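Colleague: Supplied in structure tokens, the structure appears directly below.
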Amino acid sequence: MADPPGCCSTCATCLLCPYSCQWITAKKEKRKGLRTTKYDCSWFLFLFCVFLFTLVWLYFAIIILNDFHNFNEFIFRQKKLWLDWSLVLLIATAVLISYSSVLLVLALCLQLCGQPLKLHWVHKVLLILTALVVAAAFTGLGIKWAEEWRSAWISLQATGPFLHIGAVGGMTLLAWPLASFIYRTRSTGLRVFVLLVYCAAMIALYLAPLGITSPCIMEENQLPPKPALVGHRGAPMLAPENTLMSLRKAVDCDVQVFETDVMVSADGVPFLMHDEELTRTTNVQAVFPERAALNSTAFNWTDLQQLDAGSWFLERRPFPTVQNLSPGDRQEAAEQRIPSLEQALEAAKHSNLSIMFDLRPENHSDYQNFVNVTLGVILQSGIPLQQVLWLPDGFREDVKQQAPGVHHVYGRKRVENEKEPVLHVNLPYQDMSSEEIRQYRQDNISVNLYVVNQPWLFSVLWCSGVSSVTTNACQVLKEMEHPIWLLPSSTYFMIWIVVDCVSFLIIIWAFVLMKKCSRRRRPAESETDVLLTKINSLMQE
């Protein structure tokens, strides 16, 4: 294995203490026997794998932030506990990636200085725990939130070119400690194996762009129009969801459609509410504690009007933007009440805003009556029917007969040999590929995808040609006048070639430089060994 050449006491102490938990001086006799063994190399390899594992998890954690509000709502429905779990996720991930990164940097510096890689047992245990925690996180993600794997795949269309550059840069920097290791290692077989693995990895990285595809690799004149914005329950980052204030804030964000959820009270009044229970978005536990667990449809309209539908927004702060609200907005939010569908339609009509809604709960025994009551309110409101986008699938044919002007939006993809062509679809953004979006656009089918909050995701869907997106972050997407990045294929090809060539030259330079350093070091080490041997002989005499 590698010989440990001399190193100053300060460097040895600074590097070995945190890595090996040993106080080492530069005196050779005190370092005698401390060599990097195959066992130590195996732990370094494990450290490198754990670092990559946590790095991949960090990427996933950043990607799933787009959908994390759904996770917060899920936890609240299960445990009745509200917390922004995204902060917990990011803090825990930052701790894991920081720990493995620091250890890896220490190990690489030790290798460059020729110090032994004696990883302390405490670090070994912590690395194993880190690997188990990340593995558990990935397992839980696959079981409970499997659609996020598709989100990660979509994200590669936005990040693929930059991940390639970053990976090439990182592997290029590894050339220095790798060259140092190869020139110091006595085992020819190990040197050949490590070098072959490194070369195979670099070749794969150099050719990776052949498999990278992104809708944003296009000419500027090919960019489709910016997708229209659909306010998910209004503007829920700026106002309590499914309230008239949220509708008005959505109008201020240039939203074209107000997406909401409708339920029907026990006395037949349609009102805006997403959850089947009222506990998350009202103070029902304080006003009607004995009925708080009942379905929203079990309350009559008089009871519903007694509930505060805004204070929870200020207390729980479902989004970080809540803390930036002005005093006037805070006062208005605290005064919000559950709006009826009639009130929402009136506000939408005056704002020239379309309204799209689900009718819940779909499995209710009186669902047909819900449809009829809701349709009656729409027809009596006087709103132009072309501004109404009907999502519920139940009794859709009856709706078409009674209100032929209503636009019907389907929560599925089109199928062959349909009796009536599908003109509007509303799907999760994970369910449609860029190719399908382009094909639907060519066939004049309007595609709305939900829920899109992050600019990177909005950019990918914009480049793909989606018609509209449902979003919580209308105030963010409104300000985007262009996708985050747009590259002509010729420009990307040039970047690819330049990055690969520069990387190759740096690697060659690193190996040449380390070879010269190793040659200069060997005579000095030989002379030192001879001198130490003579001194030892004289002392014995």
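Backbone N, Cα and C atoms are what each Cβ position is placed from, and that goes for glycine too.
What TrEMBL shows for this protein is this:
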DOMAIN    227-481  domain 'GP-PDE'
TRANSMEM  41-65  transmembrane segment
TRANSMEM  85-113  transmembrane segment
TRANSMEM  125-143  transmembrane segment
TRANSMEM  163-183  transmembrane segment
TRANSMEM  190-212  transmembrane segment
TRANSMEM  493-513  transmembrane segment
Colleague: Do we see three or more Cβ pairs under 8 Å linking the transmembrane segment (163-183) and the transmembrane segment (190-212), pairs being at least 6 apart in sequence?
Modeller: yes
Colleague: Mean pLDDT for the domain 'GP-PDE' (227-481), rounded to an integer?
Modeller: 96
Colleague: Let me spell it out: take the transmembrane segment (493-513), skip the flanking residues so only those 6+ beyond its ends count, and list any with a Cβ under 8 Å from a Cβ in it.
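Modeller: For the transmembrane segment (493-513), the list is 161, 164-165, 168-169, 171-172, 175-176, 179, 202, 206, 209, 487.
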Colleague: Of the stretches 41-65, 85-113, 190-212, which racks up the most C-beta pairs under 8 Å with the transmembrane segment (125-143)?
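Modeller: The stretch with the most contacts is 41-65.
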Colleague: Mind checking which residues of the chain, 6+ beyond the ends of the transmembrane segment (190-212), have their Cβ under 8 Å from one of its Cβ atoms?
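Modeller: Same-chain contacts beyond the flanks: 156, 160-161, 164, 167-168, 171, 174, 178, 181-182, 492, 496, 500, 503-504, 507.
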